[in-house]
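A.B. asks: Below is the structure I would like to discuss, written out as structure tokens.
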Number of protein chains: 2
Amino acid sequence: MNAPKRRILGIDPGSRMTGFGVVDVVGQQRLYVASGCIRTPDGAALAERIRVIVTGLFEVVDTYRPDETAVEQVFVNVNPAATLMLGQARGAVVSALVMKDLPVAEYTALQVKQSVVGHGKAPKEQVQAMIVRLLSLSGTPQADAADALAVALTHANHSHAALAAFTRQGLRIKGGRLA
Amino acid sequence: MNAPKRRILGIDPGSRMTGFGVVDVVGQQRLYVASGCIRTPDGAALAERIRVIVTGLFEVVDTYRPDETAVEQVFVNVNPAATLMLGQARGAVVSALVMKDLPVAEYTALQVKQSVVGHGKAPKEQVQAMIVRLLSLSGTPQADAADALAVALTHANHSHAALAAFTRQGLRIKGGRLA
């Protein structure tokens with residue numbers, strides 16, 4: 001039986017920059033599809049920044065048509081104003097995905113590092129280097145895009161395990177998703 | 001010349017409860033149209049809570065068809081996790097309004113109290129009592145709905161002043177909005 005292809009969109013939300021990364025999962029293979037950043041205009045009002053994030057993500061979803069999505073759980077910052085802004089960006093990201101009827105999984109930075117590098121204390125650079133290796137990239141993507149690809153790969157590993165477990169239990173799988 | 005009617009939707013975002021209030025502005029008159037709360041399910045995943053907020057607001061917008069919207073600027077909480085959750089709810093609210101192509105104004109709690117009661121130190125109960133009086137309500141609305149009505153009234157006062165100033169300067173007014 002051929003393994004079905006699942007396309008995962010990973011997102012690293014930020015108030016100034018939201019990274020996205022698209023990865024195809026075919027059996028044990030992880031194939032790079034696309035990645036990039038949605039930059040929000042400095043000094044713009046909240047509504048305008050949110051409009052940029054939502055329409056940007058709509059474009060990404062319409063272009064790459066992912067089956068599943070995964071969003072990085074933002075680490076709670078020491079600065080309350082920054083935490084609020086990060087929360088707002090994250091709310092906008094999840095709103096856009098939900099309105100496109102996509103399932104949204106969440107992973108903490110710790111889970112991402114453990115899944116991609118093997119331990120939770122890995123520095124950012126090691127995560128990036130691992131992304132380049134795991135996806136056979138010819139260059140290092142921008143930091144936010146690399147983080148988004150790492151979230152997508154984390155979801156690929158987690159949901160693969162979940163999928164295998166469900167399959168063993170004899171549950172149905174519909175179009176690559178758990179049904 | 002008859003004053004044009006403007007319908008304002010005010011929103012008080014919260015991670016558990018999002019209040020909304022709809023007010024019509026006709027010249028100096030402020031007329032109550034509707035108010036209520038969107039309650040998000042306790043313990044549900046972020047995506048589900050955001051889905052409830054966004055679809056709930058879509059329903060409010062489709063039902064009452066406001067011309068303008070105003071959102072309360074959340075006070076930054078001492079608890080970072082709560083601040084993040086509040087930010088996410090706020091991001092979802094603004095995303096929903098932006099996707100309905102509505103202009104979104106923002107007011108701080110201080111501005112709302114100053115506008116509705118006349119000074120920034122008014123307790124919550126005084127704001128609620130003032131809402132009941134200003135809108136000639138027969139009963140006190142729920143706290144979150146009252147806050148949302150207060151935000152709508154604040155926007156009515158602020159944008160009315162702006163409208164008057166613009167009109168004096170001879171600028172065009174289109175459908176009750178500044179053009």
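Glycine is treated like the rest: Cβ placed from N, Cα and C.
Dumping what TrEMBL says about this protein:
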- A:Asp12: active site (ACT_SITE)
- A:Glu72: active site (ACT_SITE)
- A:Asp144: active site (ACT_SITE)
- A:Asp12, A:Asp144: Mg(2+) 1 binding site (BINDING)
- A:Glu72: Mg(2+) 2 binding site (BINDING)
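Please situate the listed features within the shown structure.
C.D. replies: Cβ-based neighbour count (10 Å, all protein chains) for A:Asp12 (active site) stands at 27.
A strand conformation is recorded for A:Glu72 (active site) in the three-state DSSP classification.
Cβ neighbours within 10 Å of A:Asp144 (active site), excluding its own Cβ and spanning all shown chains: 23. DSSP assigns A:Asp144 (active site) to a helical segment in the three-state reduction.
Applying an 8 A CB threshold to same-chain residues 6+ apart, the list for A:Glu72 (active site) reads A:Gly10, A:Ile11, A:Asp12, A:Pro13, A:Glu106, A:Tyr107, A:Thr108, A:Ala109, A:Val112, A:Asp147, A:Ala148, A:Val151.
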